[in-house]
């Protein structure tokens, strides 16, 4: 529960810079706004939320709500190849990696002396998770350049093709079998913290944006075969969960040991992250070992991210890795897994992972310095030792003087890019480009042509931003030179029996939206009328809703995407192209704001330093800034 304290903020050194609060806590604040700031107290990270009431002499009385932050990442001192992911919420609990050995740490149940148990994760599961891999021919060729003599340090330092951080916005779903909502919630947040620690080494951040706990009964059956349950889960995710919580991937946690035959502890689709239909996996919470379960969830998420099972050519510090066919509790990804993810991205997959998670959607207490932009932060570039971003003050997670932004595809040289600047190009004929809107440093979400529309000279249909031709599917599954064979009548909606193990749903299943005969497409492995692909809740017809005299298209939000020279919403009037979602497709007139219209925190600091009125003048300046902009030439002299 949050702790509440009252505090008096005092003026220091003649101007407002740093303020003393009872208990020797430190907060920065901004009059008259609510401010969030993190600080250390007895090694426990707290978050201070201050609501200030001020008088004109600038003496403020604040009420602060303190929330405990108890999730940490780090390493073992003097051990370069180490990883620590711990929580201190209820004792010490988490995972420690030293070399190629992974250890679990957790409190001893019902101990009266705060005793803790440290153990090797590979010894914590009596029946290891086994996957039967029978066909890896095409996979082996893709890792011919891997050198097993490389240490993990060398692998981490090796320059990768994907320098930009990817963010997996994750929803965890816990079934009814574990029942204790408070305990399950704490476990799931701890689980997300562990996953983030594992994936951080691949420059992938796992951000928990949703937590669903079934309180009374499961809305679908979790009994039967693992494949059946996975199918029911992703169907429920698409129809129920996605409309409520925007996310990239979802993982179901089944709280029943031995739920599925054959020792299966998990199952997932391969390379389906960002898919509305199949971006998910199922995982069995076997016993009470959260550390071991976290490696299973990391494994199944890895499949969604395009990672296959490791083979004999893959290694991490001489031991097994997370994507090994027989899981042993490893917390390291191999170079093969990193290459698999790179290949997914370079082939156009995982576009949604470029979106910066919304600060208000993150399910955790924020902490300045963790590298993720959270509620109350202007920026977060990591710890002061890690930060190389000149636009961000790593100590406070606030913008540096004169900076308007610090991160995002629409931030360049600490300035927000002008409206109409391209920030994400179209990757195929069913995808749509996005543009900066001039008011935020982040590119809009990824939008694409509405499902069910014809593509590639009417050879196939757009579905989830892809033209689902069979040539495309063959190239994605095998190599770039692969082409499709002749369609066998009556068998075009099934699979090619491409077995990658008992935890992987066959990646050779024909994709949703694939053409099966003229005017028909595959949907739920049935050949149905192609009109079934059209979203029932979107009322957009490019021939009627949009300008009927021009070849416009509808996007996946049911809005018109206009050609250059025409403006949304209906492309009926002249404009800069694009849509109400993607931003304008042309750069407009360049304008900027004067010095006094810099971000509020900066000009208010100037006012405080000059001992000007702290109540009325900021309001006057806000009004002035809302009414005035200046040509670009004026900006150069400001």
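Every residue gets a Cβ built from N, Cα and C, even glycine.
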- TrEMBL feature transmembrane segment, matched against 252-273, 274-295, 296-317, 318-339, maps to 252-273
- Of 21-38, 75-92, the range TrEMBL labels transmembrane segment: 21-38
- Message: Neighbour count, 10 Å Cβ-Cβ cut-off, for residue 321 (disulfide bond): what number do you get?
- Response: 25
- Among 316, 321, 423, 443, i.e. the disulfide-bonded residues, the one with its Cα nearest that of residue 299 (Zn(2+) binding site) is 321
- Message: Let me spell it out: for each of the disulfide-bonded residues (316, 423, 443), count the other Cβ atoms within 10 Å of that residue's Cβ, using every protein chain shown. Which one has the most?
- Response: 316
- Task: Give me the Cα-Cα distance between residue 316 (disulfide bond) and residue 303 (Zn(2+) binding site), rounded to a whole Å.
- Result: 18
- Message: Looking at the disulfide-bonded residues listed here (321, 423, 443), whose Cα lies nearest to that of residue 303 (Zn(2+) binding site)?
- Response: 321
- Message: Spatially, and counting Cα to Cα, which of the recorded positions is closest to residue 443 (disulfide bond)? Options: 300, 309, 321.
- Response: 300
- Name the secondary structure element type, per DSSP in three states, that contains residue 299 (Zn(2+) binding site). helix
